[in-house]
Amino acid sequence: ELPPSEFMQVADSTWLVLSVVSNGREPSGCQATGVTKIARSVIVPLAEHHVSVLMLSTYQTDFILVRERDLPVVIHTLAGEFDIYKEESGECVPVTCDDVSNGFLKPKPATSPTLHPVQSPQTRFCILTVAPDTLPAIATMLIDVLFYSHSPPREAGADSQDLDSITFFAFSLIEGYISIVMDAETQKRFPSDLLLTSSTGELWRMVRIGGQPLGFDECGIVAQIAEPLAAADISAYYISTFNFDHALVPEEGIAEVIQLLQQRQESGR
């Protein structure tokens with residue numbers, strides 16, 4: 001419904017949302033477990049079958065977006081590991097491989113996926129939620145942070161690996177649940193009694209994937225981060241955006257994460 005605009009760039013694909021649930025009812029990812037829990041069973045198999053994904057962690061659970069045209073491949077790839085359901089008129093209906101057309105598996109790519117450079121700014125982040133009925137109380141502050149408090153984006157270049165800080169604010173409203181990621185300094189501008197976080201109040205550090213905008217056609221970007229972190233049992237909160245992918249990990253584990261990813265890049269050369 002948004003009017004055409006020269007200032008809006010729209011990807012040419014329609015995407016569908018997948019969520020992994022436990023016992024057919026509750027999301028399997030509780031707060032702060034993130035992409036690590038579903039790396040081996042969902043993300044890596046899809047990457048192996050050349051399916052590009054967008055990943056969105058929220059405070060409550062995790063979502064995987066796949067292109068609508070890739071749905072047959074997705075179903076055939078995951079059917080051996082999962083019971084798959086689709087939503088029809090608010091009800092969950094079982095889906096089998098026979099329910100989709102053109103369901104032949106794509107051949108695995110002949111070459112290994114590109115291992116993109118990663119960078120970790122010094123900025124410390126908070127992962128938060130707010131009760132929907134308290135949202136009006138912080139609406140003015142949200143608008144100020146979203147539209148008036150950011151600096152112009154830096155040009156991605158050779159020196160971007162030396163990034164000291166990053167401006168990042170993510171807000172999602174999904175089925176009434178609100179998730180917010182903001183840096184620790186920005187959090188101080190909000191009423192502390194309205195922002196809810198884990199009981200430990202831990203801070204997170206970010207790993208940003210890609211030295212230049214990544215696009216949507218490449219597969220294996222999420223797996224590049226998720227697979228080694230899953231093997232090391234490190235929690236991650238993952239957000240794909242239009243230009244880059246971002247993984248947030250507990251602050252105390254950032255050194256181990258950087259070491260793991262550097263070792264993966266060196267072994268892939």
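The backbone N, Cα and C atoms fix where each Cβ goes, glycine too.
Keep in mind that this is a model prediction, so the values were computed, not measured.
Per TrEMBL, these features apply:
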type: DOMAIN; residues: 11-78; note: domain 'CASTOR ACT'
type: DOMAIN; residues: 116-199; note: domain 'Cytosolic arginine sensor for mTORC1 subunit 1/2 ACT-like'
type: DOMAIN; residues: 201-262; note: domain 'CASTOR ACT'
Could you give the mean pLDDT over the domain 'CASTOR ACT' (201-262), rounded to a whole number?
88
Secondary structure tally of the domain 'CASTOR ACT' (201-262) (DSSP, helix then strand then coil):
23 helix, 17 strand, 22 coil
